[in-house]
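Visitor: Feature annotation from TrEMBL assigns transmembrane segment to 14-33, 76-98, 110-129, 157-183, 204-228, 234-256, 265-289. Among the features that TrEMBL reports, domain 'ABC transmembrane type-1' is placed at 72-286.
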Amino acid sequence: MPDKPNLRSTAKAFVYLAPALLVLGTFTIYPIVESFLLSFYTDYDYFHDRVYRLGFDNYLYLLKDPEFHLALRNTAVFVVGVVPISIALSLGIALMLYRPIPLRSFFRTVYFLPTVTSVVAVAVVWRWIFHSDYGLLNFGLGLLGIQPVRWLTDPRWALPALILFAIWKSLGYNIVLFLAGLSNIPETYHLAARLDRAGPWRRFWSITFPLLWPTTFFVSIVSIIGAFKVFDEVYALFGGSPGPLSSALTLVYYIFVKFYREQDYAVASAAAYVLFLITFLLTVIQLWIGRKRTAV
């Protein structure tokens with residue numbers, strides 16, 4: 001039976017944890033608290049670090065700012081466009097790669113490469129794919145008799161292009177998670193279902209999908225949070241701009257512009273906490289749905 005903690009063992013534990021707690025407090029907790037306070041600064045002298053007035057002016061500014069509304073709408077469209085398609089595609093590919101097919105290890109490595117490759121590097125490739133004149137995508141559309149699309153210069157197509165790029169970039173990580181989940185499903189269940197003459201679809205909906213629910217639930221949470229935080233893909237794909245006429249402006253890019261380019265730190269902090277609140281509420285809702293499903 002383990003000994004009960006005493007003052008000496010507790011002090012020793014704190015000594016061991018002190019370096020990690022110091023780093024966590026300095027580079028994580030302190031900036032979070034400071035940015036939260038900064039979001040309420042309405043009259044502030046940045047040079048002398050003096051606060052003259054606090055209030056909700058920065059949050060009221062966001063309610064009236066059309067650029068923030070555009071960023072919020074684009075982010076919502078991006079999340080809805082990326083997350084379901086990415087999860088469905090990665091699950092389908094994982095099911096194929098889980099079977100004993102030729103060159104299975106090779107294909108697993110190929111699908112995971114986008115995850116470990118720099119966003120800037122793959123964005124260069126995708127800028128060529130999306131090129132209006134000699135891009136690979138427009139070449140394929142031309143074979144089908146479809147007119148070329150100005151993916152990166154037309155405001156109507158900039159956000160769909162970003163969604164396609166993000167789906168491709170996120171597939172590898174999700175596939176690995178689904179493969180790990182599939183490996184935890186006992187094969188005896190499928191053997192018993194085959195003896196009962198259950199078809200592939202019946203086995204998937206009755207065995208694979210229910211037992212894979214914890215993995216699917218985790219992938220959905222991670223995917224939604226990651227989609228709301230999209231920035232690198234926007235910056236790299238459109239060459240440091242939020243697309244033509246800000247058609248691919250997202251919440252994180254809006255925060256970046258306010259903080260680094262306009263140096264409006266208080267508004268940027270307020271926008272960051274609005275983003276945090278949205279992702280937090282969605283995560284809580286997902287956890288509630290997950291617990292209800294697990295209970296059933």
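Including glycine, each Cβ sits where the backbone N, Cα and C put it.
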Visitor: If we skip the immediate neighbours and take only residues 6+ beyond the ends of the transmembrane segment (76-98), which ones have a Cβ under 8 Å from one of its Cβ atoms?
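Guide: Distal contacts: 104, 107-108, 111, 159-160, 162-163, 166-167, 170-171, 174-175, 178-179, 182-183, 204, 208, 212, 216, 219-220, 223-224, 227-228, 230, 250.
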Visitor: Do the transmembrane segment (234-256) and the transmembrane segment (110-129) come together with 3 or more C-beta pairs under 8 Å, pairs six or more apart in sequence?
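Guide: Stretch pair touches.
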